[in-house]
Amino acid sequence: MSQKLTTKQEVEQFLSQYDTFLFDCDGVLWLGTHILPKVVETLTLLRSLGKKLIFVTNNSTKSRREYTQKFEKFGLTVTAEEIFGSAFASAVYLKNVAKLPKEKSKVWVLGQSGIEEELAEVGIESLGGSNQALDEEFTTESPFLKLDPEVGAVIAGLDTKVNYHRLAITLQYLLQPDVKFIATNIDSTYPQKGMILPGAGSIIESVAFASGRTPVACGKPNQAMMEAIVAQHGFDKKRACMVGDRLNTDMKFGRDGGLGTLLVLTGIETVDKIHALEASEQPLYFADKLGDIFELLQ
Ligand SMILES: O=C(O)[C@H](O)[C@H](O)COP(=O)(O)O
């Protein structure tokens, strides 16, 4: 049964079990540009206790570099090596697993600059994405209908500028059987201050349904992402904890990876949703917010 962290002793006991903490971002650390209460204090405290912090987000709109700038704005110094985003995970998958043939080495992007930047980092040329010509209304005269024969894959992720033009051209590439279909993540929604918004998964579902194809999803809960993180940071999974706000991505990612799990209620989930699960599916711990760790230790 999931245990709620409500006392200083419970928090001390919780912290004593783990040396490494993997943090989801949206819904745990912040809601869009709104940092959640006592997050900076909590992360600073954990660092002072010698804990290793790694940030694992399914949000593909920003590259690791752009995320370091977002952390900086909140007064937190985080290096790109401490951040794993689904855009990075997708680029690594394409580079090291999908291994596109030389003659089909380009990628069509349905998504934002974070994906384009991470693809460029691994030497993959991309089309589409944030290209402003795609903001134009779609017509059958669209120049993008002249498909690039060197495109060997589609990567689809969260795109807050999604429109019919982008969906129509993405579908044309997905109707080519030899073009691979990669999704950055499956999140149906994501939390913003006071509301829930359509996530990458809901956008990707549009072209998956239209094309009749199912993508390979590279973000949480895909364990390839966990393996990449463990390979880079070399921590003991038995003494690591995944902290997240979504049961079917963050908590599944942590549980399947053999990590401890802490669910916070500042994002998508509720206590009722936790208790509706089988005991084995529930997070080990839950809390109203991440900042409770700092507040309860005072
Ligand atoms: O793609 C989305 O729907 C959102 O960006 C995603 O849900 C947020 O990612 P998180 O930081 O919660 O993993």
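All residue numbers here begin at 1 and follow the chain in the order shown.
Cβ atoms are placed via backbone N, Cα and C, with glycine included.
In the three-state DSSP scheme, D24 (active site, nucleophile) is classed as coil. Taken from TrEMBL, the feature active site, nucleophile covers D24.
Around the Cβ of D26 (active site, proton donor), the number of neighbouring Cβ atoms within 10 Å comes to 24. The active site, proton donor annotation in TrEMBL covers D26.
Annotation source TrEMBL lists Mg(2+) binding site at D24, D26, D245.
The substrate binding site feature in TrEMBL is assigned to K220. Other Cβ atoms within 10 Å of the Cβ of K220 (substrate binding site), summed over all protein chains shown, number 31.
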- line: Taking all protein chains shown into account, the Cβ-based neighbour count within 10 Å for D24 (active site, nucleophile) is 27
- prompt: In the same chain, outside D24, D26, D245, whose C-beta lies within 8 angstroms of the Cβ mean position for the Mg(2+) site?
  reply: C25, G27, V28, L29, T57, Y190, P191, G244, R246, D250, G267, I268
Field: Separation of alpha carbons, D245 (Mg(2+) binding site) and D24 (active site, nucleophile) (Å)
entry: 7
